[in-house]
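Data block below; observations after.
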Amino acid sequence: MDLHNIREDYSKRELSEGDCADNPIEQFERWLDEAVRAEVNEPTAVNVAAVDGRGRPNSRMVLLKEVNSEGFVFFTNYHSRKGRSLDAHPFAAMTFFWPELERQVRVEGRVERLAEKLSDEYFESRPYQSRLGAWASAQSEVIPNKAVLVAKAAAVGLKHPLHVPRPPHWGGYIVIPDLLEFWQGRPSRLHDRIQYRLLDGGWIRERLSP
């Protein structure tokens, strides 16, 4: 398959240092708000990359559930491949891509498990069927067929017809950033790249060559 001629020329917007907030979390919130208002498809979808105990990289898409002054929060099965990788090497890289705005954001940082109380609170807010699924799915494990999964979910529903407690193997992670990069597509591949680096407790903002 020849893909050489598939390309886009970006020209919608530009990003100058003067446009950027001093704090990268504030800058991210600005861009996320713009993505939501522009009705970008799945604006909170983010690729999370991690490295397992053998040094082998792996990545997947998850949904960002919170961003605050501490970092970026998402939830998953702790026994999944990504969960095992993050526990073995507690660092991650995240990439948001908003093609409608010709933008992407990269985040790198240390990863910690979220406090159990916070994981409990979010789990309680999930739809009933999603809570059943968290118990039924041994995420990333091989199963003989889909019927096994459906049967397990049904069994959990019979056991917990009203209230489904959070499984101990399911909860949140927070990525505590030490680097963020904001990328704005520009004509002739002369893209705008503004990077924030954490140094001695403060953020250094700098422009990168595209």
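Backbone N, Cα and C define each Cβ position, glycine as well.
Listed in Swiss-Prot:
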| type | residues | note |
| --- | --- | --- |
| BINDING | Arg7, Glu8, Asp9, Tyr10, Lys65, Tyr122, Arg126, Ser130, Arg189, Leu190, His191 | substrate binding site |
| BINDING | 60-65, 75-76, 81-82, Gln104, 139-140, Trp183, Arg193 | FMN binding site |
Arg7 (substrate binding site): secondary structure state under DSSP, collapsed to three categories: coil
Maximal Cα-Cα distance (Å) across residues annotated as binding substrate, namely Arg7, Glu8, Asp9, Tyr10, Lys65, Tyr122, Arg126, Ser130, Arg189, Leu190, His191: 44
Nearest of the binding-site residues (Leu64, Arg81, Ser140) to Arg189 (substrate binding site), judged by Cα-Cα distance: Leu64
Proximal residue to Leu64 (FMN binding site) among binding-site residues Arg7, Asp9, Arg126, His191 (C-alpha distance): Arg126
Top Cα neighbour of Arg60 (FMN binding site) in the set of binding-site residues Arg7, Asp9, Arg126, His191: Arg126
Other CB atoms, at most 10 A from the CB of Ser140 (FMN binding site): 14
